[in-house]
Amino acid sequence: MTLEKFVDALPIPDTLKPVQQSKEKTYYEVTMEECTHQLHRDLPPTRLWGYNGLFPGPTIEVKRNENVYVKWMNNLPSTHFLPIDHTIHHSDSQHEEPEVKTVVHLHGGVTPDDSDGYPEAWFSKDFEQTGPYFKREVYHYPNQQRGAILWYHDHAMALTRLNVYAGLVGAYIIHDPKEKRLKLPSDEYDVPLLITDRTINEDGSLFYPSAPENPSPSLPNPSIVPAFCGETILVNGKVWPYLEVEPRKYRFRVINASNTRTYNLSLDNGGDFIQIGSDGGLLPRSVKLNSFSLAPAERYDIIIDFTAYEGESIILANSAGCGGDVNPETDANIMQFRVTKPLAQKDESRKPKYLASYPSVQHERIQNIRTLKLAGTQDEYGRPVLLLNNKRWHDPVTETPKVGTTEIWSIINPTRGTHPIHLHLVSFRVLDRRPFDIARYQESGELSYTGPAVPPPPSEKGWKDTIQAHAGEVLRIAATFGPYSGRYVWHCHILEHEDYDMMRPMDITDPHK
């Protein structure tokens, strides 16, 4: 089915309004609901799941240090409309688990562990059933962190890929009042772009595969797939939308909320992006980019200056295929900018060179160095299973950093693909990447480097919480753990990998407790 591109205006998600607000705290309520939305002018309405019945969910905008509480409520149907594989992470408990489980993770949030959205802290409709790690109905987000682009999404055990694909995603923006001095584009010129990919049937329904291609007769049905990319790209819940802009500077907060797909974004007129931030907030200094790679869960904070493009139409393009080349008719396109609106007032916003101060990584303060490898195996059905350090989810915890300590994690990737690795609770700095001989490593376990360590490009010199670990490279990151202790996770953010079984619990310990 061919859908005409750039016929629907880009929706700007509503900002969530608090139920109660005082100097001490702000309280929100959000309900997960089944809903229908018309994703394209020529499509029938699509059944989705959305926060407050919206896809994407409402944007939550908070100030740095604002004490925020959110009651996340599940009002979803008792059965899923996407294919559940009951052979992965099935419950060993005596009580039957509900088919539809949810829990919300604030991605990039520095939050207590009982508000982090631990996969086994799930809850069913009206909290009738809860997972073994469920602790509270109202989550607490202290927002004691830098201004940054965060996002919230489902994180339920073995269901994350399906619940997110169904629509359970939304943006969460922390505003730092100190940013005002930088005079960045603001208000209606500060726009979130939440990018997803889907396959949509002619009747408007979402397609998600119930089995891998050419499945063997022995496979369970439904059966998890190792990856999935839809050929139809949506931004803020619309298929290939357009945005009318003024000939001036705009700030775009770009979030990759896709399950598997990595994008390589550029402007089709050869124009530049000015990157001002990444996952964890502003960069030390702005970076001029002609293109940038955005893996699942990564965020880029960019400025596009349309001043010289009055009257033009510009396509935000993608050159990264998913298991093959991009199709110029489909996934090579993201959205269109139309520089057709008159300038409302003089543009006094800036593209500052220097943005934020950064402490250098103090190598003498490193308390621990961990070597962790990405690995692959097969399950009893012959399906691929990707692992972290050859451990399954339910194996004993092996990563136990102490609160306040700084560690270097050396992540070895001998697999065939790039994996976006996400650590909960912390932001980290990228130290370097170094190529190694995969064949020798697979054969003998010997790490034989084939080139020098390469420091991160300027676009990765800020705070990160999700980072691309490329095939055939050792990635080194430095993280200071805390300020909270408790049970968190780290995982690959390709959701099909995360669900089976590329996710591990992580205990951040406090020796004083």
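The count begins at 1 with the first shown residue.
Yeah, the Cβs are placed from backbone N, Cα and C, and that goes for glycine too.
Taken from Swiss-Prot, the feature Cu cation 1 binding site covers His105, His422. In the shown protein chains, 24 other C-beta atoms lie within 10 A of the C-beta of His105 (Cu cation 1 binding site).
Feature annotation from Swiss-Prot assigns Cu cation 2 binding site to His107, His153, His493. If you take the C-beta of His153 (Cu cation 2 binding site) and look for same-chain residues 6 or more apart in sequence within under 8 angstroms, you find Val104, His105, His107, Thr160, Val164, Leu168, Val169, Gly170, Ala257.
Its Cβ placed at the centre, His491 (Cu cation 3 binding site) has 27 other Cβ atoms within 10 Å. What Swiss-Prot lists as Cu cation 3 binding site is His155, His424, His491.
DSSP assigns His497 (Cu cation 4 binding site) to a helix in the three-state reduction. Per Swiss-Prot, the feature Cu cation 4 binding site maps to His419, Cys492, His497, Met502; the stated evidence is experimental evidence.
The annotation domain 'Plastocyanin-like 1' is assigned in Swiss-Prot to 45-81. The average per-residue pLDDT of the prediction over the domain 'Plastocyanin-like 1' (45-81) is 99, rounded to a whole number.
Residues or ranges marked as domain 'Plastocyanin-like 2' in Swiss-Prot: 101-178.
Positions annotated as domain 'Plastocyanin-like 3' by Swiss-Prot, on the basis of sequence analysis: 240-318.
Annotation comment: Swiss-Prot describes 378-509 as domain 'Plastocyanin-like 4'.
In the three-state DSSP classification, Asp116 (site 'Plays a crucial role in the protonation steps') falls within coil. Sequence-distant neighbours of Asp116 (site 'Plays a crucial role in the protonation steps') (same chain, 6+ apart, CB under 8 A from its CB) are His105, Leu106, Gly109, His424, Leu425, Gly486, Tyr488. As annotated by Swiss-Prot, site 'Plays a crucial role in the protonation steps' applies to Asp116 (among others).
Annotation comment: Swiss-Prot describes Glu498 (among others) as site 'Plays a crucial role in the protonation steps', evidence class a curator's inference. Note on Glu498 (site 'Plays a crucial role in the protonation steps'): other Cβ atoms within 10 Å of its Cβ, all shown chains, come to 27.
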Between the domain 'Plastocyanin-like 3' (240-318) and the stretches 45-81, 101-178, 378-509, work out which stretch tops the count of Cβ pairs under 8 Å.
378-509
8 Å Cβ shell about His107, His153, His493 centroid, Cu cation 2 site members excluded
His105, Trp151, His155, Val164, Ala257, Pro296, Ala297, His422, Thr466
Give the sequence-ordered list of residues that share a chain with His419 (Cu cation 4 binding site), lie 6 or more positions from it, and have CB atoms under 8 Å from its CB.
Leu374, Leu386, Asn413, Gln468, Ala469, Cys492, Ile494, His497, Met502
His422 (Cu cation 1 binding site) to Glu498 (site 'Plays a crucial role in the protonation steps'): how many Å between their Cα atoms?
10
DSSP helix, strand and coil counts for the domain 'Plastocyanin-like 1' (45-81)?
0 helix, 21 strand, 16 coil
